[in-house]
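See below for the structure under consideration.
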Amino acid sequence: MNTPAQKKITIVDTTLRDGMSSVSHQFTPQNVADIARGLDKAGVGTIEVAHGIGLGASSIQYGFAAATDPDYVRAAVDAVENADIAALYVPGIATLAELQKAIDAGIKTVRVAVHCTEADCGQQPVEWAKEQGLTVMTFLMMSHKLDPEPLAEQAAKLDSYGADVVYVVDSAGAMVPQHAGDRVAALRQVITADIGFHAHNNLGVGIANALTAAENGATFIDGSLRGLGASAGNAQTEVLAAAFERAGWDTGVDLFPLIDTAEHIVAPLMKEPQIVDETALILGYAGVYSTFFHPTKRAAKKFGVPARDILMELGRRGVIGGQEDMIIDVASELAGRTYETPALAGS
């Protein structure tokens with residue numbers, strides 16, 4: 001009697017990129033090597049490494065990292081035996097020269113991230129990276145801001161440029177499972193590239209969103225050990241591995257080495273537990289980009305305005321990544337008038 005083939009999912013780990021945001025980009029190359037080695041031993045096939053915002057982001061605006069991106073990449077490359085090392089490239093922050101340095105340091109995969117309405121901005125780096133022989137994964141950031149069909153139209157552009165994988169990216173942690181499933185299903189109807197899903201956990205449903213995305217056609221799922229990541233953090237790699245296995249999926253990774261790496265290497269490096277606090281929750285509820293988390297907390301303290309009110313107003317204005325300067329504008333405006341917590345547009 002034949003049995004159906006087990007469903008397969010590929011877990012990509014971003015502890016050493018998105019997780020950098022939780023430690024103020026202060027992982028050392030030795031930390032990177034130790035974590036990458038543990039992930040590699042667990043069978044994780046792709047490990048993303050860079051400043052938390054991506055290549056070239058170490059700056060006064062986004063925070064200075066403890067080392068350079070090439071130093072981080074080399075540390076990871078030297079530590080692994082089987083895994084590919086990837087880096088995040090955001091047009092407008094990184095340059096192709098910085099991507100070339102990452103290639104020289106040993107990356108095999110690049111992840112090109114564009115705002116969900118701006119797939120055109122990915123054409124040059126995607127095509128250039130393919131010419132260099134890289135595997136190219138692409139991110140449609142803030143995917144909650146587009147309905148499924150328009151999002152699929154943007155995905156089709158990235159597919160046409162040669163992307164190997166197109167990700168639905170919940171940058172704000174604003175999605176619930178139906179949102180994740182509907183968007184992935186829409187992409188599956190129009191693109192031939194593989195589909196990925198990148199969750200943030202602001203509404204506490206990062207794992208559920210990832211499972212639903214997979215059931216609707218995603219074959220690449222991002223996670224980070226201990227959930228390390230911007231604001232409320234990402235779907236937790238070791239929990240993803242356990243949940244997918246329980247749901248009947250073949251992840252190709254070994255759960256116990258993942259847990260050991262999370263527990264004994266990552267946890268001692270954490271500045272604080274990765275939790276859904278008030279600011280993280282409202283950030284997801286308001287649909288604001290995850291990098292606004294710490295600057296909003298600082299502005300709230302400086303201006304004596306509740307962080308949630310700042311975030312609700314930013315959500316009403318529809319801000320996106322790169323508009324962090326709006327935080328100060330909104331905080332100062334709210335501090336100068338009598339206000340009530342603003343409602344979301346359309347609510």
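Just so you know, glycine gets a Cβ as well, placed from its N, Cα and C.
Cross-referencing His198, His264 with the substrate binding residues that Swiss-Prot gives (Arg17, Asp18, Ser171, Tyr289) picks out His198.
Just so you know, the Cβ of Ser171 (substrate binding site) picks up 28 other Cβ atoms within 10 Å once every protein chain is counted. All chains included, 31 other C-beta atoms sit within 10 angstroms of the C-beta of His198 (substrate binding site). Cα spacing between Asp18 (substrate binding site) and His200 (Mn(2+) binding site): 10 Å, rounded to the nearest whole number. Each of the binding-site residues Arg17, Asp18, His200, Tyr289 was scored by other CB atoms within 10 A of its CB, and the lowest score goes to Tyr289. Each residue contributes its Cα atom, and for Ser171 (substrate binding site) and His200 (Mn(2+) binding site) those atoms are 6 Å apart.
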